[in-house]
Amino acid sequence: MGPYKKYMEVNLRALRQNYETIRREVGVPVMAVVKGDAYGHGAKDVALALQEAGVEWFGVEFLEEAVELREAGIKGRILCLTGPVTREDCEIFIEKDVIPTIYNLDRADLLNKTAARRGVSCRVHLKFDTGLGRFGFLYEDLDRVIDGLRSFSHLIYEGAYTHFAEAFAKKPDYTLYQLSVFQRVLDKLEQSGIKVAIRHAANSVAAMDFPEARLDMVRIGSALYGITMFKNTSVRLERVARLKVKIIDVKSLPRGSYIGYGRTYKTQRDTVIGIIPVGYFEGLKVQRRNYAFTLVGLLRNIYHEIKDFLNPVPLVFMDGKPLPILGRIGMQLTAIDLTGTGAGIGDEVTVAIDPVYFRYGARLYTDSRDVQEGFLPGIEKGVM
């Protein structure tokens with residue numbers, strides 16, 4: 001690895017172990033969600049590894065992602081969490097044996113006509129909006145929707161699902177409310193003669209914290225990769241990815257020296273610093289927090305900022321030991337404290353980032369049994 005190069009190490013053994021841990025915990029089939037390039041881990045390689053581990057269901061957001069999986073050799077069932085938009089989409093769904101999501105009667109009609117013209121039937125999953133406000137039929141419209149669904153003779157209603165808005169919240173009330181609405185939807189479908197074989201609602205957090213939401217299948221994304229935002233402490237998962245970079249410069253600074261933009265850090269002693277070629281461009285300390293559209297949301301973000309300031313989570317490690325970041329993180333450069341470590345130019349460090357942001361660099365897929373030491377529980381909330 002050259003001095004400026006970096007790579008993401010993806011531990012496929014940890015990935016498969018996480019899947020086994022989750023499968024044993026939930027007791028129902030697990031759909032592996034590999035949307036967004038498997039949350040930045042590389043969808044093709046991740047899906048192939050999970051297929052070898054016995055995964056039969058895969059979830060993606062868009063049709064293009066499903067096609068890539070088929071072309072990579074994925075033989076299992078693929079559910080696309082969005083539906084067809086054009087007639088060409090309908091043709092591809094059928095040709096590639098990808099299951100579309102239906103939440104719009106017009107698109108359902110287009111898919112039905114395409115299937116009829118080809119002389120086939122197309123399996124679909126119905127999506128119901130129980131409170132997230134995005135895709136999905138509303139309960140209030142269910143009578144009209146059922147009338148429409150009955151008219152599509154070339155669609156097979158294999159599954160039905162919903163998606164929770166805040167399974168991660170401290171209070172379970174809204175998630176339980178959504179689940180109750182979904183159950184009412186399922187009851188009404190069955191009473192109308194539409195009985196689906198696969199009911200699913202739980203994402204990673206709900207699958208761990210709401211056993212009643214597991215139903216016939218769970219959709220697991222972030223937890224597969226070791227991101228544990230749920231409260232269930234009996235489930236121990238392992239981080240799947242870590243970024244490896246080399247120190248590209250080392251220098252000594254006297255006490256009282258400033259480091260970084262804005263002079264936000266001043267050395268309190270003679271300090272040895274190292275420079276690593278990674279910054280917020282690669283997602284270092286970039287957190288996927290929601291924008292504050294409410295006063296409560298704003299206060300929550302302020303609370304987290306203060307907490308991070310007073311008790312910063314270690315993000316850079318050498319041999320499992322944390323190396324403090326000094327000063328502001330730059331776009332592609334970051335200063336770290338090497339005092340007393342003996343580290344030099346060319347030595348490798350491990351950096352905790354969110355893989356979603358890692359776009360320019362190689363991935364190295366391993367089956368290492370080494371424990372990914374250094375990644376602390378506090379890293380779970382927002383950063384890699």
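Placed from the backbone N, Cα and C atoms, the Cβ positions cover glycine too.
Because TrEMBL annotations are produced automatically, they should be read as predictions rather than curated entries.
According to TrEMBL, the feature active site, proton acceptor maps to Lys35, Tyr261. Summarising the annotation, TrEMBL assigns substrate binding site to Arg134, Met331. For 240-361, the entry in TrEMBL reads domain 'Alanine racemase C-terminal'. The N6-(pyridoxal phosphate)lysine feature in TrEMBL is assigned to Lys35.
Feature map: TrEMBL annotations on the structure.
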residue	record	contacts (Cβ under 8 Å, 6+ apart)
Lys35	active site, proton acceptor	Ala43, Gly59, Val60, Glu61, Phe62, Glu65, Leu81, Gly221
Arg134	substrate binding site	His163
Tyr261	active site, proton acceptor	Gly327, Arg328, Gly330
Met331	substrate binding site	Gly279, Tyr280, Phe281
Local backbone state of Lys35 (active site, proton acceptor), from DSSP in three classes:
helix
Per DSSP, how many helix, strand and coil residues does the domain 'Alanine racemase C-terminal' (240-361) have?
25 helix, 35 strand, 62 coil
Mean predicted confidence [pLDDT] for the domain 'Alanine racemase C-terminal' (240-361)
88
Arg134 (substrate binding site): secondary structure state under DSSP, collapsed to three categories
coil
